[in-house]
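Working notes, beginning with the structure itself.
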Amino acid sequence: MRVLILGSGVIGTTSAWYLSKAGCEVVVVDRQSGAGLETSYANGGQLSFGYTSPWAAPGVPLKAVRWLFERHAPLSIRPTTDWNQYVWLARMLRHCSAERYAVNKSRMLRLSEYSREALEALSAETGITFEGRRLGTIQLFRTQQQLDGAVRDIELLTQYGIPYEVLSPHQLAKFEPGLADGSVRFVGALRLPHDQTGDCCLFTQRLAALAAKRGVEFRYGCTVQRLEVDGPRVTGAWINGALERADCCVVALGSYSPLLLAPLGLRLPVYPLKGFSLTLPMIDASRAPVSTVLDESYKVAVTRFDERIRVAGMAEVSGYDVSLNPRRRSTLEMVVQDVYPGCGDLGRGEFWTGLRPATPDGTPVIGATPYQGLFLNTGHGTLGWTMSSGSGRYLADLICCRPCEISSEGLDMFRYLVSTIPCPQECAPCVPPTP
């Protein structure tokens with residue numbers, strides 16, 4: 001089977017890897033000069049298998065109003081003329097109830113835990129390295145209210161058998177001694193020992209190289225213009241003015257996926273959630289994080305790679321704008337100076353922004369569509385790196401009509417469709433047309 005994958009970020013590349021292993025002929029196209037150069041380029045570096053949560057959570061609507069007036073708000077909204085922005089925000093607000101939060105988080109945890117297993121197996125098989133650390137992650141609470149609010153998440157962690165530790169300030173120093181140099185005295189923390197860290201871009205590029213050795217063809221500098229449709233089936237895509245035919249197409253274009261799907265009448269509720277990062281050369285390892293910490297107040301993570309510190313986070317709903325906002329840089333600098341002063345060289349920091357493809361409920365969109373031969377792997381929001389290996393392996397099983405290792409409930413786009421169209425997974429959409 002010939003599979004055309006649109007997009008070579010971490011999601012498209014892991015999809016290519018697993019489809020190649022399943023015996024498919026795989027072609028990957030991307031508009032950039034290499035793999036992982038857009039949203040996957042400089043994300044937070046967290047593999048947050050346990051700390052997987054939707055932005056749509058109880059209390060967020062009231063917090064969002066307060067954040068409108070805060071300089072260092074973790075979530076900000078810049079109104080645009082795009083009506084889709086307001087539709088997406090309204091849908092997100094509907095998912096902020098405790099009941100919907102529990103459902104959405106459980107779906108995300110299911111995929112994240114599967115992704116952890118998939119990444120461990122992939123790493124063992126290939127020996128791939130990506131400046132990774134297996135030392136857990138820590139969520140830091142500045143207030144008792146934040147610590148008390150973690151009870152809801154702890155209940156779900158317990159339900160899924162995910163190990164965790166609630167740390168006192170004294171216990172916190174044992175795992176992250178560098179915090180002692182900071183100006184903040186945290187009231188407590190939640191540690192997830194099975195979480196990891198690593199450079200997403202490095203992983204993506206090295207996995208692309210391994211996939212290429214398996215015969216996967218990567219074509220860069222390619223603009224995807226539209227999908228080719230023949231009745232109920234997608235038969236390929238127009239790329240740089242030429243038709244590239246395939247038995248199956250996978251849309252892994254992140255925030256740009258809805259733009260490609262709209263002409264087919266598919267309204268995918270994925271919208272850009274703009275994030276920011278600052279990568280610093282490390283200048284004092286003793287004052288740097290051991291792994292990753294997340295400051296809950298600002299939704300900013302500080303992550304250690306081999307010789308670099310990555311400070312990343314926040315969410316700005318501002319459409320497809322990729323300009324660098326100096327105010328966001330000041331927030332990143334403020335947090336790292338608060339928490340780990342002197343760990344990195346702020347004067348030589350690389351400031352970056354990326355558009356994270358977010359769904360209103362936080363769960364990605366993976367699987368079939370109403371069109372035969374068209375599959376999606378997008379909408380992972382801030383957790384694309386975390387969920388990438390599991391998403392790629394799960395999608396390969398779907399396309400190749402193999403039994404999936406996790407439940408497909410709530411993962412495909414049909415949870416959004418008010419339609420009588422049956423999910424074509426039931427009729428093996430992966431089977432190529434008869435010649």
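Keep in mind that glycine also has a Cβ here, set from the backbone N, Cα and C atoms.
The structure displayed is predicted, hence computed values, not measured ones.
Contacts of ILE5 (FAD binding site) defined by a Cβ separation under 8 A and a same-chain sequence distance of 6+ are given as GLY12, SER15, ALA16, LEU19, VAL26, VAL27, VAL28, VAL29, CYS249, VAL250, ALA252, in order along the sequence. Among the features that Swiss-Prot reports, FAD binding site is placed at 3-17, with the record citing sequence analysis.
Within 10 Å of the C-beta atom of VAL3 (FAD binding site) sit 26 other C-beta atoms, taking all shown protein chains into account.
Listed in sequence order, SER40, ALA252, GLY254, ASN377, THR378, HIS380, GLY384, SER388, SER391, GLY392 are the same-chain residues six or more apart from ILE11 (FAD binding site) with CB atoms under 8 A from its CB.
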